[in-house]
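According to TrEMBL, the protein has these features:
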type	residues	note
TRANSMEM	21-44	transmembrane segment
TRANSMEM	56-75	transmembrane segment
TRANSMEM	95-123	transmembrane segment
TRANSMEM	129-153	transmembrane segment
TRANSMEM	226-248	transmembrane segment
TRANSMEM	301-318	transmembrane segment
TRANSMEM	324-344	transmembrane segment
TRANSMEM	369-389	transmembrane segment
TRANSMEM	395-420	transmembrane segment
TRANSMEM	476-494	transmembrane segment
TRANSMEM	539-561	transmembrane segment
TRANSMEM	581-605	transmembrane segment
Amino acid sequence: MVGVLIRMKLAVLRRASTGSRANWAVTGRLLGVLAALGTCGMATLQTTSPSTVLDLLAVVLAIWTLGWMAGPAWVGEPVLRAEHFALVPVPRGKLAAGLLGAAFVGTTTAVTLVAFASTIVFAVRLGGVLPVVVAVLTTLVELTVVVLLSRLTGRMFGALSRSRVGAATTAVITAVMLVVSSSGWIVFTAIDSVRNTGFSTTFSTVLRALPSSWGLVAVDAAARHAWGLTVLPLAGLVVLAAVLFVAWSRVLGPPRLGRPAVLGTAGQPARAGRFLGSATGSVYIKELRTWTRSPLRVQNLLVPPVFAVLSCLVPLAFGSSVFLPFAGALTALMGAATSANLYGQDGTALWLVLLTPGAEENDVRGRQLAWMALFGPLSVVLALLGTVLSGHTELWPWAAAGTAGVLGAGAGLVPLVGVTQLAPGPDPHRSRYSPMDHGDATGGAFAVLVGALALTVPALVPVIVGTVLDNAEVKAAGVFVGVVTGMTYWSLCARAARRRLVAKGPELLALMRAGKELPGQSVEGTSALKTMSKGRQRLLWWSFGIGCIALFPQALVPMAMKLSGHVAKVWFLALYVPGPWQWPTIAFMVLVAAVAFTIAARTFLGQRRRLRAPAPPVENGTETRESVVRAG
């Protein structure tokens, strides 16, 4: 049965790896291989004591284990689930064994095996045949343990997803994973000091007590011929794997937890004032209730502040609190990015708007007001708290202007990108808990990120000029400019979104119902990204990512630091080079960003020109398919 399930899984993966998701999968595999090779390389570090290498490897293996446990909250349920075989007369134990065997087939398992092979490298370093044999055994058993842990936590997240508490848990895990992937690598800059001093005795003891470290403990004991400490951790891993397998086989099957009902407010009806009784006010109230009741919206609401706070706290490891005042602006920016697919998240409920004459403008305005009511006060409070707690009150013009500009740009771009870059997904009542189980809104999120950052630049210009001229009044004017430009973006983007919704509403509804663009839509309104080849998509995303990294964290942020006089090196390359070369380095990063963005723009615009180019006429004089579609 294992062979059948493996072939079934491979067939599903082949057919599911399409579009931008396939590109992200390739990128993830590449980064995973690099991380696994880095883990093996850590086993060869030269330190004052082999026990220090053991502790460092234990930390990294614990991170790999936590990644497997938290992974289901991000990537969703596995390809093959027990529910698929509910009507097949297969004993539960046999089904569990087959699903476990199929779980070992995949890129993530192979990459993790390479990472866990660092235990074998460590055993070779210690010398002797017995430590290597023990390392091979523990590596295989530990891999089995993490796979089973992932399956169990996946079932747990699936059960929790039916409540707002589970959605909040998933949001926190998602935010932590984003912070670790974007900023967590700087923690490893402390490896040099650990190589010389090692960890504390208490930390080392607690670390070695974790199951992820038992293999390393057994290998170290085998090298010292301490047979008791060799057998005990190895036996513990085997017992743990057996217990996890039994527990997983017991929870197989369809979830028995019903979807909890969300109580309404019928007992306390809201007073319908002049605004709340209007059409826009009704959409506003509906959106506020959706944001607090829908598990997916709860995730979108909690990820931005958690990500912003954690990202601004990471530099504290270097003794720098200069980023805390910008927690509000980062919250607004991430809030706009997570809300880039509002219409796609509502599913086919769009037909209610389309069947109501003149409801498009009210719907757009109500969504804008609800988004601002949630993220506006939250961003302002975090900006104020960050400024006060950091003590950098002189940075308030930067923080206030940035927060005001991003809030206005975000409120305008959220509905506009939602109707121009709609990513179809399941209807809310069929929605799952993980971000990867919904529509692929990556393109829309990136569009909002870049658009909001670009639209915030006018608000920062007076602050930059005032900083150069050392004029407090000019710097304070940046806040006023941010508010004015934000209101302008709000109004202009709302009008554009309404026009798009009126003109393309039926096509958007058809896209939501079908889950993909229909043949008749391929002539007009099709995203160039969706029709691009895989190679061009990879070139586009890699160029775009390199441009963002070079422009924002490696050019604009160190530029602002040098202008304000508050320099914190952290991970900014320009601040590590000698003084005379810092400005040239910043200019070089701007040039790199310009080249990368140019490549991305040429790739995208070239594909769009090919889409809009008229099809060549057929030799026999018959009409082409595109001409028929245009005529129809």
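Each residue, glycine too, has its Cβ placed from N, Cα and C.
Remember, TrEMBL labels are computer predictions, not curated facts.
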Interface-richest range of 56-75, 226-248, 301-318, 395-420, 539-561 toward the transmembrane segment (129-153), CB pairs under 8 Å: 226-248
Would you confirm whether the transmembrane segment (324-344) and the transmembrane segment (539-561) meet the contact rule of 3 or more C-beta pairs below 8 angstroms, pairs 6 or more apart in sequence? no
Same-chain residue ranges lying at least 6 outside the transmembrane segment (539-561) that approach it to Cβ under 8 Å: 20, 23, 27, 322, 398, 446, 449-450, 453, 464, 529, 532, 567-568, 571-575, 582, 586, 589-590, 592-597, 599-600, 603-604
Residues sitting near the transmembrane segment (395-420): Cβ under 8 Å, six or more positions beyond its termini, same chain? 322, 325-326, 328-329, 332-333, 335-336, 339-344, 364, 367-368, 371-372, 375-376, 379-380, 383, 386-387, 444, 447-448, 451-453, 455-456, 458-460, 462-463, 466, 475-476, 478-479, 481-483, 485-494, 496-497, 500-501, 504, 508, 560, 564, 566
Which sequence positions outside the transmembrane segment (226-248), separated from its termini by at least 6 residues, show Cβ-Cβ distances below 8 Å to it? 96, 100, 134, 137-138, 141-142, 144-145, 148-149, 151-152, 155, 211, 214-215, 217-218, 220
